[in-house]
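These come from Swiss-Prot:
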type: ACT_SITE; residues: Asp7; note: active site
type: ACT_SITE; residues: Glu70; note: active site
type: ACT_SITE; residues: His143; note: active site
type: ACT_SITE; residues: Asp146; note: active site
type: BINDING; residues: Asp7, His143; note: Mg(2+) 1 binding site
type: BINDING; residues: Ile10, Thr11, Pro40, Arg47, Phe73, Phe74, Arg76, Gln77, Leu80, Lys83, Met108, Arg140; note: DNA binding site
type: BINDING; residues: Glu70; note: Mg(2+) 2 binding site
Amino acid sequence: MVVAGIDPGITHLGLGVVAVEGKGALKARLLHGEVVKTSPQEPAKERVGRIHARVLEVLHRFRPEAVAVEEQFFYRQNELAYKVGWALGAVLVAAFEAGVPVYAYGPMQVKQALAGHGHAAKEEVALMVRGILGLKEAPRPSHLADALAIALTHAFYARMGTAKPL
């Protein structure tokens, strides 16, 4: 199973693709990883357009069975939520155009799936990603580590039969 994971952000969007191997213990290979960067000085339409184009290009290249995104929770940061929504919209349109279903997972679900408990630190989750992917070091920067964790989380829930598309 090939899964694209996305940590949505308008300035830094984590984008990772993994190939999950067989059954049994969760093991996977890293196929692609990057952080798509945009500048706050650019017009919004250019930032969103660049994110959309890059995500669509990766989806066409790797042909994942699913796109998994991190659900965002903003309590008092309305402007940040608004701008992250731009990035998420670009991802949703790219997934639609590529014909790939989209799934969303919250931070607690990611921690539970990869570390076995919902209160794991980011570093603990990154180390689990490193182990599952067989990497020498934990993925960096954090946006990439989060994107890969989200992709692996989808693989975990898909194996359990509990994954539901947006």
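Backbone N, Cα and C define each Cβ position, glycine as well.
When the Cα atoms are compared, Asp146 (active site) and Glu70 (active site) turn out to be 8 Å apart. Candidate active-site residues: Asp7, Glu70, His143. Nearest to Met108 (DNA binding site) by Cα distance: Glu70. Among the recorded positions Asp7, Ile10, Pro40, Leu80, the residue whose Cα lies closest in space to that of His143 (active site) is Asp7.
Summary for the binding-site residues Ile10, Leu80, Met108: the Cβ-based neighbour count within 10 Å is maximal at Ile10. When the recorded positions Pro40, Glu70, Leu80 are screened for a Cα within 10 A of the Cα of Asp7 (active site), the ones that qualify are Glu70. Here Pro40 (DNA binding site) comes close to Thr11: these same-chain residues lie at least six apart in sequence, with C-beta atoms under 8 angstroms from its C-beta. Separation of the C-alpha atoms of Leu80 (DNA binding site) and Glu70 (active site): 15 Å, rounded to the nearest whole number.
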